[in-house]
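S.K.: Questions regarding the structure given below will be posed in turn.
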């Protein structure tokens, strides 16, 4: 994969120009580069160089496995201790790992201060390894690499290196000399701290109400006076604390960069659900009230591809969301989208919700077999995803405008489907129609949806031109 400029020129040039372009491209000698930096790369590991005028943030796949038994690790980012058992450290500090057998927080001794404490395992890498290099991003998919690099602020020639998904030698060229590693923003830690799962209510400060729903409120808060978090407070009686704790144990094991990370819980009523904080709030509000009003189709399709990626992970894990809609998607910087509230709908005990046709039940987003017979599957999530894509294209408009919940149930059961929204390409509406197939087994998988949407503007709509609306 070459730089963005090279790809754009190749798309616009004919065959003759393409040949001339190839002769002008830069082909850096990466083996020489790595040799000069004393970086060893296994001959069996294929890498991919991606460069262009970019900036982004991400998370490297790092662990002890493959570190040749090394016990000295180096910090990739700064970290401020959150508890008295943590270590504060700066990027570049080195550690001896004492115990790495207890999950995401390792016991380590700082070689700078001599102090011992816990450190987040995804903030360090084996010293003198390729994982410790600023330009190495590990197992990063092609589309995620593009998202990392297409953010604001980086100079021309910024680049990253990732493990290649396919092995190709001398593929493309680089029309921009590689000059500077892509900025890799500090990732979320896996949990708030060591053993910080069921936390005391007093450790949470509710700072600003972000939203209000049928079953509780959402707040921006702080944990232990320092760590920004989002807090969902549930009204007493919304769900059984015992059932919630059981489900939360499953939810916290679901880890994907397109799922909002569950940090901790307050398990006594009123239940608090503590998650990572997303700066732009819900996708629904973002589309209706913020910068989302001005997004064009490429950004909207990319957001839908991110959501499909997260749902494809849920699909692989044999899990079900049950309440997939724009209100339950959160937006961060650089238009990053993450899925929230997965699995919670199953636990709600409110009569107006469990009746499935009450005022609180999201009929307009729910597949007919789920709304009428309670048959929730990953395929009913696919139906909801089709509605969500429609929400994106219409900038948050309520589905089935002018129809009541009862009318929606009756009409969809008779085969009615929403028409193509204004400005929406027919090919994208066709995808929605596939999601709304009456037979759940005929609906596409999320793996297919992710692939289709990620390649939409190269495989399906290469001639797209922006319009007034999208």
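Glycine is treated like the rest: Cβ placed from N, Cα and C.
So TrEMBL has the following annotated:
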| type | residues | note |
| --- | --- | --- |
| BINDING | 232 | ATP binding site |
| DOMAIN | 68-129 | domain 'SH3' |
| DOMAIN | 135-173 | domain 'SH2' |
| DOMAIN | 204-457 | domain 'Protein kinase' |
| REGION | 1-22 | region 'Disordered' |
S.K.: Reduce the DSSP letter at residue 232 (ATP binding site) to three states and note it down.
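M.R.: Strand, per DSSP.
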S.K.: Treating G and I as helix alongside H, and B as strand alongside E, what does DSSP give for the domain 'SH3' (68-129) in helix, strand and coil?
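M.R.: Its residues fall into 3 helix, 27 strand, 32 coil.
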S.K.: Within 10 Å of the Cβ of the residue listed as 'ATP binding site', how many other Cβ atoms can be counted across all chains shown?
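M.R.: Summing over all protein chains shown, the residue listed as 'ATP binding site' has 21 other Cβ atoms within 10 Å.
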